[in-house]
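Per TrEMBL, the feature domain 'PA' maps to 90-167. The annotation signal peptide is assigned in TrEMBL to 1-25. Annotation comment: TrEMBL describes 195-213, 245-268, 274-305, 317-341, 347-367, 374-392, 429-451, 463-484, 490-509 as transmembrane segment.
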Amino acid sequence: MVSLRSFSCFVLVFGLLYSASLVSAGDIVHHDNSLPQRPGCNNNFVLVKVPTRVDGVEQVEYVGVGARFGPTLESKEKHATLIKLAIADPPDCCSTPTNKLTGEVILVHRGNCSFTTKTKVAEAAGASAILIINNSTDLFKMVCEKGENVLDITIPVVMLPVDAGRNLEETVKNNSIVTLQLYSPKRPAVDVAEVFLWLMAVGTILCASYWSAWTAREEAVEQDKLLKDGSDEPLQLSTTSSRGVVEITVISAILFVVVASCFLIMLYKLMSFWFIEVLVVLFCIGGVEGLQTCFVALLSCFRWFRRFGESYVKVPFLGAVSYLTLAVCPFCIAFAVTWAVCRQNSLAWIGQDILGISLIITVLQIVRVPNLKVGVVLLSCAFMYDIFWVFVSKWWFRESVMIVVARGDRSGEDGIPMLLKIPRMFDPWGGYSIIGFGDIILPGLLVTFALRYDWLANKRLKSGYFLGTMSAYGLGLLVTYIALNLMDGHGQPALLYIVPFILGTLIVLGHKRGDLKTLWTTGEPERPCPHVRLQPQS
């Protein structure tokens, strides 16, 4: 099924890598230096949990956002006081409430006066905290107006989305007693999910590298055997063995960034439920091909299955297909369809990761970097692509395009499927730790190149380049997660940290060992050329 593999490779290299070169855990603290700050008005915008009870029975837990001003909230639920909720009268709380307050949390509507004015009125009336209902389902960042004195505000200020505010308001109007807590839990410094995600990324490249190197060595052995026999078949072998393998060129490496950027903008502008559905279909097609390829390769290691893998039947539109592939294909299709149908399930991430890992391994087996020069151009372009669409794009679009696309904002979904993700196990905010396919495939191309070179040059592990590049990738990804936690879970462009580690390691080692010129140009070590029988010229 070479033609189908080539099709999948073409679709998915541009349909998967465009998206996410991103590592994220979901940010709960928003550092926004574009909004005014001054003494008493310099809080970070933190998400706030608002668990509620109605007549003493636990009910819904809402999520709001804290204001730039006011005291900081407790970080643990057990330290947060359970307080009764009251409705402001007038609702906007721009003037002294008519109802008497004795330490309740007051629920007010947004509008007609500034946030600080509402807060001061509520505090003067005896409220212990103020909940402001936004006029939409979004959360608005509450700041201080120019010239306002906010040093005397001593009660917490939290904004709730309109649907949450209305629910609370209706419950109180039905003569029910509503009590609630306000606290903002901190994310743990390290979550187990990040450790497993690191192991998944490193393990995927490790498996793909050894498979690619083994294939390249088998091809070289076969070609050397034919050369020693003086056969006229080397050219035919080269053409046959490389069929279905795509070698990246300098031009295609540059074009990749241009095409990927256009695709990213298109997805950003057209982000919707139906567009995500299209991506799910493409992901399933690639996942089926990847899963099938990996299964066939694994089963072919056993002698009994190998016979079926070497026996072919002609299938319309697909050409020659092995019996083993035909046997495995229905299972792979069923697996992908089941995941697509049940992807909202809490355990669906397992199926997504299985499809994603098998797809990444297959792409790294099909797509190859021929030499270090192409690898440097590709990773350098990807490096700039990552930085631009995560950080610089904020200047033009007022938000990070890469982060918005990866999270699937405005689509009604949990994000695009072209990600490996694991639920954050000990995070009070929940969510997923994610890593984009691009952060594995792009560096993985150079790591697999290093191992192919080592095997063809008969280098030992310590004297070769694979150990260095593989360690550099692992270290770069580790630094990425450190930066992620230092930035309170705000998405980080992983290639910003990975690319310098990998390229620096390979170039320095190549220069030190005298192989840099060979790595840069041919990408293959010089092997003894056996006697080749020359045909007499007529």
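Yeah, the Cβs are placed from backbone N, Cα and C, and that goes for glycine too.
TrEMBL: automatically predicted annotations, no manual curation.
Keep in mind it's a predicted model, so treat the numbers as computed, not measured.
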Within the domain 'PA' (90-167), how many residues are helix, strand or coil going by DSSP? 17 helix, 14 strand, 47 coil
Checking 195-213, 245-268, 274-305, 317-341, 374-392 against the transmembrane segment (463-484) for Cβ pairs under 8 Å, the most are found for 195-213
Taking pairs 6 or more apart in sequence, does the count of Cβ pairs under 8 Å between the transmembrane segment (245-268) and the transmembrane segment (347-367) hit 3 or more? yes
Please report, as numbers and ranges, the same-chain residues at least 6 past the borders of the transmembrane segment (195-213) whose CB is under 8 Å from any CB of it. 297, 353, 357, 360-361, 364-365, 368, 420-422, 433-435, 439-440, 443-444, 447-448, 450-452, 454-455, 466, 470, 473-474, 477-478, 481
Leading stretch by Cβ pairs under 8 Å, where the reference is the transmembrane segment (374-392) and the options are 317-341, 347-367, 429-451, 490-509: 490-509
